[in-house]
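Asks: Below: one structure in structure tokens.
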């Protein structure tokens, strides 16, 4: 049994994530630290494929204009897709991706996470989507997974590894709208995903679209969350606070199951389509759902390994702050935030990322607290807290337990470049553990109604401190008499036992995520098309909402397509990356990275002085090599924009960590002209003169 585990997640992206879990039913001692473990000589790899969006009507060399949508006309659409455009994914790219996975990834994958959106967007008015098409493309993609991850000589086509599927907001009709179950969509997907959903959980899936799979029996489970019941754009539901709502029932189910995981000594990965994106002004989830999710992550921080999502198409991460939990005081608390718009331009995407940066700029500097041994006793004066103690308190203790982490993978649909991710996990100590593919699992029955379980909730309070007094500012922390929640329908999960060590999301141990390798497919090179320059003014392009991509308005010189052999190649990896410097994928490591990204005056070693030419040093070699063969798609992005309505930061030195974060968010697709626009040394707001828009699809951000 290999010492690292991997998994694939496909949320329209196949995310590769194989997670192992700490050993034993109780955790009275810390797991062996990673630095004491022997590194494997050949760690397994996994592929991350966010948002596939297959389009059966896509035509190579068609027009990327909005009226044509890569379905008609003559234009720049390549065989493998129209990179950086709003067109969807040709079947050629889907087939090539699965073939590449089969040849390069399949045999090292322990399980697959498929996070949804396996139908095209409803963006062509001349070809509106219908129910048959949406279900047909989903059946086709499900068949591709089954075909790729099964034995070719098995007449039953049985899976060799578990595959965990979930709904995307475009996998239903109309998109975004899913009624409470049972309903026809849930029943139909129970049939489409019959190979993926454990038989004993199909009844629960038909009820609400949620289930879990023990990918490492008795050690690790992957939970498929139906995030459409949390999604702000789903007008058929109303949050997660009221007992009548499916979102409320979903969180009750999750609470019960995570408690079972704790009692069995297991760990869990949470996956879904729509991530819990939330900034000071906008959010994707209903606030009551975000509040419960963050509270659940806090209370089950000894169980949850991490969160893996798709939907947004951009490569990034987010931190949930449990000091912003206010649901304990009221059913609907917290600031009022707007919805993230149905369509987002590149500038709007930058607005979102800039808001993340603005928030991260207030993160405490973890260096002073984290570099030292967190278990070392404080040698300061008695009764007086040291600077280190204060810093530790700000991040929630030595392991950063104030925060929880969500990773969002970029997509396969070529809004930028198609991507895959390889995530490695530590399974040292699980050498003798069988995988789900080698053991028949016996699933616990789900015949009881957990909605009527209030009187039994006390059985979960096994001596742990039930923290019912959490507020946004933790005003009641440390008081003897804690407030009781004013929301009678809220059942607060029990926190970890005081004797429990931090979980694998916080302390390096068995099942901790170690790092990942990010792959991309350079469609500009692979499509191999020579274009005739368009007779279109930039002003007209900028004014349009639909984004036709980097080759908008161009026409191919050749009569027929001439693509190169398809391949994915490494964009970057966190193990050797000199910019991110991620030691591992624990929350503490990401707090440190977020702090560095948020510095408007970069720390020593994170600064870039002067001119745009200096950014060339930040480019990945693979982008530089391909630039000699194709368009200059890989230039570094200078994204030192600040909002007009936000506090203004004067940028004297460029922060290369922030620049790299932005560049990777868009998978290196921004053009040289855009970089020059972003990099002009304007004194007030270098972004006010940038107007080009590149729209996301429906609600993708």
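Cβ coordinates are placed from backbone N, Cα and C, and glycine is handled just like the others.
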Asks: Match it up for me: which of 364-390, 391-417, 418-444 does TrEMBL list as region 'Disordered'?
Replies: 364-390
Asks: Identify the region 'Disordered' range according to TrEMBL, selecting from 276-308, 309-341, 474-506.
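Replies: Within the set 276-308, 309-341, 474-506, TrEMBL attaches region 'Disordered' to 474-506.
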Asks: DSSP helix, strand and coil counts for the compositional bias 'Pro residues' (493-505)?
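Replies: DSSP composition of the compositional bias 'Pro residues' (493-505): 0 helix, 0 strand, 13 coil.
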